[in-house]
Protein chains: 2
Amino acid sequence: MKLETTYRANNYPIIVEHQALDHLHQYINHYQDIVLFVDAQVNQIWHETIDFITSEHDAYKFIIPSGETTKTLSFYEETIELLLSKQLTRNTCLISIGGGATGDFTGFLAATLLRGVDFIQVPTTILAHDSSVGGKVGINSKHGKNLIGAFHRPKAVIYDLNFLKTLPYSEILSGYAEVYKHALLNGPSSVTNIEAHYSNEKTLKHLTDIEYYLYKGIETKLNIIVQDEKESNIRKFLNLGHTFGHAVEYQFKIPHGHAVMLGIIFQFIVSNLTLDTNYDINHYTSYLKALNYPFDVVQKFNFESLYQLMLKDKKNDQDGVQMVLLEEIGKATVQHISKATLVQAFDIFITYFEK
Amino acid sequence: MKLETTYRANNYPIIVEHQALDHLHQYINHYQDIVLFVDAQVNQIWHETIDFITSEHDAYKFIIPSGETTKTLSFYEETIELLLSKQLTRNTCLISIGGGATGDFTGFLAATLLRGVDFIQVPTTILAHDSSVGGKVGINSKHGKNLIGAFHRPKAVIYDLNFLKTLPYSEILSGYAEVYKHALLNGPSSVTNIEAHYSNEKTLKHLTDIEYYLYKGIETKLNIIVQDEKESNIRKFLNLGHTFGHAVEYQFKIPHGHAVMLGIIFQFIVSNLTLDTNYDINHYTSYLKALNYPFDVVQKFNFESLYQLMLKDKKNDQDGVQMVLLEEIGKATVQHISKATLVQAFDIFITYFEK
């Protein structure tokens with residue numbers, strides 16, 4: 001299946017299918033230089049496929065550490081200097097083969113190498129169905145996640161679903177948070193449908209029909225980002241669950257989606273406190289427990305340190321913390337939330353995770 | 001005088017006049033946070049003016065070292081982390097007050113801070129009439145100048161000509177190279193006119209009517225960049241003199257414009273060797289000597305090391321070094337130049353600077 005962005009110009013295709021990698025060739029055969037950035041874990045399992053691409057295109061292959069550890073300024077410096085030592089021209093394409101972190105890092109290299117070269121996203125996780133689309137690239141600061149970065153559109157997203165077969169369940173859970181978030185942004189029937197389809201660990205683990213839900217998720221995202229690429233307005237909705245989630249992820253170094261799911265719960269509580277909503281928090285926590293999300297980390301939470309991290313969220317303005325809330329399922333809004341309300345929500349939140 | 005870019009969207013004004021700083025207020029009064037980056041030498045002379053802006057807008061002021069020494073990855077890392085420690089939101093404007101290096105550095109910070117915030121250029125040199133317009137921002141790699149960067153348009157360029165009164169002559173010479181380059185790109189009458197107007201050191205030092213020539217230079221540049229912002233085509237013409245010039249500048253750390261003037265001479269020689277031209281090289285070297293450009297550095301030139309640096313030029317492609325040449329005054333072209341031709345041109349070049 002193939003989707004395509006609908007910006008006024010510089011659109012790019014998103015190919016979502018098994019064997020999607022077969023299409024890669026046509027997007028890269030005109031470049032002088034190709035550089036692959038491959039997540040070390042992905043390379044371990046898929047090195048034959050990847051080495052075939054490398055030799056077919058006489059490409060450079062860089063194996064980079066898995067996960068967020070690559071997204072530092074020092075690794076960025078080391079890598080871009082290494083790239084520049086190869087006398088690349090602007091007619092170069094960087095290809096990211098890995099999860100969200102690999103894509104963010106490679107994309108930021110592409111955005112800043114020689115004032116910008118092309119890049120292609122080859123996501124290998126469920127989580128990266130989200131991060132590979134939309135052009136957000138970046139690395140982490142010691143003050144928070146993704147605070148150094150750019151908007152730099154990929155030339156193509158080649159999403160080969162074969163990669164998903166070898167994902168550990170923890171990674172499936174992390175990715176599923178964004179799929180679920182897209183359903184929450186879509187509407188009540190999407191949520192009912194997906195909760196029924198993936199009702200527990202066993203069904204989610206098998207990823208039956210995941211193509212459909214990934215496709216729907218990407219479509220939901222595309223509808224938003226083509227209207228507001230630079231996140232001045234409705235693109236903020238995609239941060240549902242992320243204000244609290246990023247703080248948790250940053251402090252406790254847990255997988256992105258695990259943290260976002262906690263952020264989604266937190267947001268429902270804040271909605272109940274500040275909007276005219278009456279979400280059944282038990283329903284959502286029970287669902288996440290049925291999927292077997294590991295939430296032991298909640299025992300370590302301390303409001304003040306999470307609050308300090310929430311203050312650094314990019315959505316904030318002069319009036320303090322802004323949070324995406326659901327007025328109703330399928331209808332998001334961005335609201336300023338006072339510290340007092342956040343404290344109150346936090347106290348309620350932890351009661352749902354007491355042992 | 002006010003110019004304005006004519007892109008399809010996101011245009012910005014360029015105000016060129018004495019007391020242009022009086023207009024700054026209107027462009028920045030809506031931001032939550034303002035951060036000034038001020039060249040140390042500029043701050044020494046103009047601290048009263050600058051401190052007035054700082055206190056009026058409750059801004060942060062960062063004094064940064066003069067010149068290219070700021071444009072390193074390590075200083076970038078230090079500075080962006082310091083900025084991020086201040087919990088800035090996206091509603092922030094960075095203001096560069098200084099020469100080209102200050103603008104390049106501040107612009108790259110703005111391009112990458114929180115995935116991009118606004119910035120305003122307040123050029124204080126003649127050279128920066130060129131670099132402050134067009135959105136090229138960046139820092140240096142250990143492999144060459146400006147190899148790490150982005151295209152990020154300023155929100156305004158406020159060019160207060162009062163700053164030029166305190167420029168040392170060496171800096172005037174550096175800036176004049178780009179003014180002269182713009183005349184070469186414009187046509188024969190522009191060149192005849194400017195050579196007559198600034199015929200020697202004495203006349204250039206006084207900068208009589210410099211407004212007119214700066215305005216003309218910016219206009220020449222604007223006509224090109226609105227057609228080709230990302231330098232895939234005619235924007236390359238603006239690199240006239242820069243292939244050789246950047247190599248010289250990078251190796252010998254001489255002022256940008258001094259190196260570009262040498263690059264312009266070099267380009268004339270290459271044109272004579274490869275195109276159907278017959279430039280009088282003596283005319284140009286005599287003119288530069290009349291202006292008192294310090295060209296002692298030429299004695300230290302070694303072809304091979306300069307060639308290695310030229311190979312890293314961003315304009316290059318798979319076929320090697322590309323150079324902007326003048327088919328005739330006012331008519332530029334980009335050509336591949338073989339190593340053999342470059343050697344030959346180099347041998348001719350140095351004869352013009354023998355003692």
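Placed from the backbone N, Cα and C atoms, the Cβ positions cover glycine too.
Predicted automatically and left uncurated, TrEMBL annotations should be read as such.
Note that the coordinates shown come from a computational prediction; the quantities given were computed from them, not determined experimentally.
Among the candidates A:GLU178, A:GLU195, A:GLU304, A:GLU327, the residue that TrEMBL annotates alongside A:HIS242, A:HIS256 as binding Zn(2+) is A:GLU178.
If you count neighbouring Cβ atoms within 10 Å for each of the binding-site residues A:THR69, A:THR125, A:THR166, the highest count belongs to A:THR125.
Distance between Cα atoms for A:THR125 (NAD(+) binding site) and A:HIS256 (Zn(2+) binding site): 12 Å, as a whole number. If you take the Cα of A:THR69 (NAD(+) binding site) and the Cα of A:HIS242 (Zn(2+) binding site), they are about 20 angstrom apart, rounded to a whole number. According to DSSP, the domain '3-dehydroquinate synthase N-terminal' (A:62-172) comprises 43 helix, 36 strand, 32 coil. Looking only at other Cβ atoms within 10 Å, the busiest spot among the binding-site residues A:GLY100, A:GLY103 turns out to be A:GLY103. Cα to Cα, A:PHE163 (NAD(+) binding site) and A:GLU178 (Zn(2+) binding site) are separated by 18 Å. Residue density at A:SER66 (NAD(+) binding site): 17 other Cβ atoms are found within 10 A of its Cβ, drawing on all protein chains shown.
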